[in-house]
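A short worksheet on the structure shown next.
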Amino acid sequence: MSKLLQSQGPLLALLGLVLLFSVITDSFASWGNLGAVLEAAAIPAVVAIGLTFVLMQASIDLSVEGVASLANIILAITIANSVTATDIGLWAVPLVLGVGLAIGATSGAISIYVRMPSLIVTLGMWLTTVGLAALLYPGRLPQILDTRITGLAIGKVWGLSWIVYLTLALIIMALLVEKHTRFGRMCRAIGENEPVLVMSGIKVIRHKIAAFALAGGCYAAAGILMGARIGVGNTQSGVGLLFPSIAACVLGGTLLSGGHGGVRQSMIGVLILVTLRNGLIMVGVDPLLQSALEGAVIILAVAGSTWHLRRKIRVIK
Amino acid sequence: MDATLRFLRRNGAVLVLLVILAAVSTAAPGILRWRAINSLLQDNAPMLILIVGATLPILLGCLDLSIAAMASLAAVSAALLSPVLGSASVPVVVGGAAALGGLQGWLIGRLQVPSFVISLGALGIFKGVAMYLTGANMVGITPGIWIYDLLGSRSFGMSNSFLLVLIVAGLFAAMLKFTNLGRNIYAFGANEIAVYISGVRRDMVRSFAFATSAGCAALGGIMMISQTMFASATVAGSLLLPALVGVVVGGTAISGGVGGVLSSLIGGLIAILIRVGVTISGLPPESQDVAFGITILIAVALTTDRAKIGVVK
């Protein structure tokens, strides 16, 4: 029993929350609200996928907000829009994803070759990309006119927008990469014990750079989906993505210390956070107190889910 | 070569400060006038005191993400309490903040949850409470209260807020250098297990470090309202990043055990000068962030002591 609690704690917490909100409110357990929860979870889930591979390796990436904003702006000014004359059509999508991958790979390479903690490198990258997004901003809010992008948010199939389906497809791909590729297994191994891998002659460096590149690509994808949803290019579009997505990964069991968790766990974490946010509104908690309750839940959930790891002599930073 | 590198590592931050100062003052000699310097220091005193406080948890190898939210909460509470308590609202708020910070430090050890998570949760809690207290509105402060007037004014031609920053930084620097507690903080950052085995109470050290960072953050919030005479739940929210940037650029290593309060203060001055430099050089204000980002990368690349890092994470 206690073993089940340990391994499936976050999932049980999610089910418990769903059950609790369904019992105490009438409006929570409805198809419409389920859809709302999934819509709200989609973009944080895309960010959390990328973050998961980095966290599994015991590194961290803080550049989400900058990279997503930059991706959003580049998309908005290169596709058909109301301000600039450029229109490269759907080529904007691979362009933006490529920029994301390149930024991620740069962070990874700097961290490894210049030997600096990823926390600092990606903090620097966060500010740099925020600044670049602001520099590229064409002065007036560019409205995205290409309906193939905005249609992702407007067009619905079975009550859910294409954003949700694209996210689901991305989650499945990420799960396959995690379970069935050498890179996926290496991510966990690097977090568990990197020196041993290095000594066994494994080229750790390329797996580490790949994780940062993948993360950058995911943030760029989040920026594109954000563009589809808000329909404009905004330098602030990525703001507010960082802390919830890190919190979601940690809540689900992808620990910052590396080697634990995975995509499935992080997705459960995202759902916990979104369900909580949604449910608290349904219950009628003062929206001004939202972030206070979220904060308390983050602390309690992490304390609860890592309780079994407690030891007398343990370094906690 | 080695000697040059070592010299750079030890004095890197000061050199960077001097280079930027030289560049900025060639471009705009006016910046070196006493009045300009003074008003810069006064405007940035809240950020500088946050930087001073944020140094101690980082010396332990921890991170306090709740400082900016705490500064906002303190500003709001001080504004709400000032009609009742008058000048006494300042010690009450700073004391309360220190207690909340100490609680965070204690919880890290008790719950064995990383400081990143505890202080992230605390950030949410402080922000929510501040929003709730103000109803998401501005709160004005009653004019004519002695202590706020004092912080907002000048003596010996210097902003009192900035003088307070210097006093607090001096006290902490002396504490770190001359007391057992100070030496324990460095030892904790360098090797926590060794500190534990030699009988130091880790909870105490951690609580102290987080109490000081929260107390300094509260002082920062109070300085802000003494200048603007109003507070809101998000008044200091944007200070978190510049504060962490200042600490790190100054040469205090995120991995703990290396650095100090005075280096952080230099890092803070660098951050201020970059902002000024971008503004007067006629570059678009948006390039400020790019300049910040690149400066962090270069400064840290120069000042990190690689001997301590076995595996780069």
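Using N, Cα and C of the backbone, Cβ positions are placed for all residues, glycine too.
Per TrEMBL, the feature transmembrane segment maps to A:35-55 (among others).
Feature annotation from TrEMBL assigns transmembrane segment to A:67-85 (among others). Listed as Cβ neighbours of the transmembrane segment (A:67-85) (distance under 8 Å, sequence separation of 6 or more from its ends, same chain) are residues 47, 91-93, 95-97, 99-100, 103-104, 125-126, 129-130, 132-133, 136-146, 149, 216, 219-224, 226-227, 232-239, 241.
Residues annotated as transmembrane segment in TrEMBL: A:91-112 (among others).
Sequence-distant contacts of the transmembrane segment (A:119-137) (same chain, six or more residues past either end, CB-CB distance under 8 Å): 60-67, 69-70, 72-74, 77, 103, 106-107, 110-111, 233, 235, 242. Annotation source TrEMBL lists transmembrane segment at A:119-137 (among others).
The list of residues near the transmembrane segment (A:157-177) in space but at least 6 beyond its ends in sequence, with Cβ under 8 angstroms from a Cβ of it, reads 31-32, 35, 38-39, 41-43, 45-46, 49, 52, 151, 183-184, 218, 221, 225, 228-229, 263-264, 267. Per TrEMBL, transmembrane segment is recorded for A:157-177 (among others).
Residues or ranges marked as transmembrane segment by TrEMBL: A:209-232 (among others).
Annotated transmembrane segment per TrEMBL: A:238-256 (among others), in sequence order.
Taken from TrEMBL, the feature transmembrane segment covers A:268-285 (among others).
According to TrEMBL, the transmembrane segment annotation covers A:291-309 (among others). For the transmembrane segment (A:291-309), same-chain residues at least 6 beyond its ends with a Cβ under 8 Å from one of its own Cβ atoms are 2, 6, 9-10, 13, 247, 250-251, 253, 255, 272-273, 276-277, 280, 285.
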Item to check | Close approaches to the transmembrane segment (A:238-256) from elsewhere in its chain (Cβ under 8 angstroms; 6 or more beyond its ends) | outcome: 9-10, 43-44, 47-48, 51-52, 55-56, 58, 60, 62, 64-72, 126, 219, 222-223, 226, 262, 264-270, 272-273, 294, 298, 301-302, 305-306
